[in-house]
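K.L.:
Questions regarding the structure given below will be posed in turn.
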Ligand SMILES: Nc1ncnc2c1ncn2[C@@H]1O[C@H](COP(=O)(O)OP(=O)(O)O)[C@@H](O)[C@H]1O
Ligand SMILES: [Mg+2]
């Protein structure tokens, strides 16, 4: 062989190596844990058996939790639908002012962890509520917080996920060709009639997709039922799994494996419905994509705007104020005045309490490490998926969706099963270390990093790479000098989304944490369970401050981020 | 600089055959245009030559080396082929100098040498001093020149251009056409230039390969293509030619012949002797038609439309013997010609298409 031929075949092998390497990483993160979970549910001590299935499915506790899960998920979705759909139609179709500020505020609850939402609302409604005390309306100490109930869970789930319905529906409305609306108006229909006969029927697929997405999120939510349901003795599937596992330890594993498959099946039904509906959204019958003129509200504009901002006040501002007030109160039930307000809670969680201090460091490192590593994996991975259309990685790209789409507890149980025993051959044990959480974060949030990079590649002209190729650059050289610099902004945006989500996360770490490997979510949870709401509130306020700071950073990154990555951006 | 040979190249995407048995021999240093309507497979052909796609069958050779065959594929980075992309494909995160000097960076050349080559190439395209600009700050024509300079620094065997003028406005096109011709003369590279605009191809190319639905329809010099189109498609695609049904009356060995066109006998040229009485297709350009001087000879027609074209008129007529057919001619003055009026049209020399389709032999 000539020197050129040797060089050429060396390059081909380097490329194959990269493809198989990426394939192995993605399989290990997305397929392996779920496969292990499926195996566990049909095996008892190494022999095939359906005992675990039988035991779990015949237990009344399972069906109570199942019914409660369905009830809260459907109820929460209904509330999310009413709020999200109305707001989406008003925001996307009328001439209200300060639209982008409003959208940012309305979408913000999505960026705040569910357990923080739950904690904040508890501070507003409970007998110790500094807010109610300040206006002299607090119920007597010792009385029960009305949110400790199924209705409370439904209300908060609805508020948490209304932005999901809002975002899918708004995306649908924005891709609706304006001619369809204008044709209706010019044939004499009133705005109201156009809305009823044209817009709503066309928007049915995205609407159902949004509902399905919200349902899946509600079913998998752990933070809200953990904070409201456990004290209220109202159990849903994720909290049942948590209680079984923390009560009985690894001996309950086959049982919780079956429970998590049960919840996984319900979630998958929702995911499939969402997928089906999103693919129906296709208006390629007309060519122009210009957006329609917003309808003028005229004298109704001011009242509409006031109503919208009142909504923000109720669902965002009041709970946050409640949370901040609690974080400033010196002790449970004390009335907050300028004289009693103190920063002692913050000092305690930042400097004095060992586990809390550690949790800040742990969560920063876990979230930061996952963000950086996943951004680095995403850039070459998405390159092969989008531009090279490598079939192996295209399939794995779909598999990468699973750990994020499925409820977090499902992934946690799968990770425990995978790492309970030391890894074969290496002999390393990850169970009861921080590394099992890190693995779970990598698996769960891979898709968050991947999606922006994939859309980044779609928005780039591939000729940019081909120009480097004809100049003689090998794949690794092209990646380094042309491809990575071009998709880096998208990868950074993805990394920031990962950091935000992982930093505030509770669902995964609640089942995987161990002593010295606590996360922020876990410590907030245990403060609240131990009745120390003031400390929990102080920690939550700090995480919200970090979240807001990062969101502002993203806003500054602004135009470098590919379209469609930041949900609130137009 | 190198010869490029395409030998019975075919390409399918799944079941769809996009190119079929295309054979072209591009001489060293030649400027070849590939011309054809949109969707006929031009870009696919270029991507095969560059190595972005694999051939289904056939062979591509650059210089002495086989670069594409069904069981052999030299990747694009090893072909030393330069491309000027329709979208220019300038890297937005690099300056003009970094864009132009990229191939030197790939080779690991020294800074001084790179700087020298970049300055030289930018000088050739008339952009000296633009080194530190960002491509986003340049006009369309300037970007095109940067793309050319980038190609130049690479000293490629072969330069491929995919509709490089499609994104420019009309008056810039003319000056860029000169630019490409200059570039070709100065660099002496073999160039393959893709376009769907026949005027562009005629103005620049040594030879033109006309593509039709994935096949090579004709490979010839611009003059030959104009005077002796091989197929109906070429005759109508080039210069707004008309293709009319006629009957062969007599032909001679030297290619002169007489055909019957509706109610007139007209002189024409043909490729080979043909049997009298055979139905043929006659290619005619508008400038071969004129109002008959004596008003009695020529094809009897009626005027169907008259259009002012600035300085002259375009006359559309229908032959009385074939009322649904339309002929076009240009006149300087109307003088009595008006819509609905009878007009006899004198027919100059036409060309009998050798491979007429849809005719019994
Ligand atoms: N990657 C591909 N997969 C399938 N069909 C393709 C692909 N690339 C091109 N084609 C088809 O090949 C035909 C020729 O395309 P192209 O070479 O781009 O034509 P041109 O450049 O002459 O307009 C078109 O019908 C196009 O749809
Ligand atoms: Mg093309």
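Start at 1 and count along the chain as shown; that gives each residue its number.
Backbone N, Cα and C atoms are what each Cβ position is placed from, and that goes for glycine too.
On a predicted model such as this, the values are computed, not experimentally measured, just so you know.
The domain 'ABC transmembrane type-1' annotation in TrEMBL covers A:66-274, A:360-554. The transmembrane segment annotation in TrEMBL covers A:18-39, A:73-94, A:101-122, A:153-173, A:253-273, A:306-325, A:363-386, A:398-420, A:426-447, A:482-503, A:535-557.
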K.L.:
Considering only Cβ pairs within less than 8 angstroms, which of the stretches A:101-122, A:153-173, A:426-447, A:535-557 has the most against the transmembrane segment (A:306-325)?
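P.N.:
Per the Cβ under 8 Å count, A:101-122.
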K.L.:
By a Cβ-Cβ criterion of under 8 Å, what residues six or more beyond either terminus of the transmembrane segment (A:253-273) are in contact with it?
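P.N.:
Apart from its flanks, the transmembrane segment (A:253-273) reaches 37-38, 40-41, 43-44, 51-53, 55-57, 62, 65-66, 69-70, 208-209, 212-213, 215-216, 219-220, 237-238, 240-241, 244-245, 405-407, 409-410, 413-414, 416-417, 420.
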K.L.:
Can you work out whether the transmembrane segment (A:482-503) touches the transmembrane segment (A:363-386), with the criterion being 3+ CB pairs under 8 Å where the paired residues are 6 or more apart along the chain?
P.N.:
yes
K.L.:
Determine which recorded stretch among A:73-94, A:101-122, A:363-386, A:426-447 has the most C-beta pairs below 8 angstroms with the transmembrane segment (A:153-173).
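P.N.:
It is A:73-94 that shares the most Cβ pairs under 8 Å with the transmembrane segment (A:153-173).
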K.L.:
Please determine whether the transmembrane segment (A:398-420) and the transmembrane segment (A:363-386) are in contact (criterion: at least three Cβ-Cβ distances under 8 Å, sequence separation 6 or more).
P.N.:
no
K.L.:
Could you tell me what the rest of the chain brings near the transmembrane segment (A:426-447), counting residues at least six beyond its ends with Cβ under 8 Å?
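P.N.:
Residues 26, 29-30, 33, 362, 366-367, 369-370, 373-374, 377-378, 400-401, 403-405, 408, 411-412, 415-416, 419-420, 498, 501-502, 505, 508-509, 512-514, 516-517, 519.
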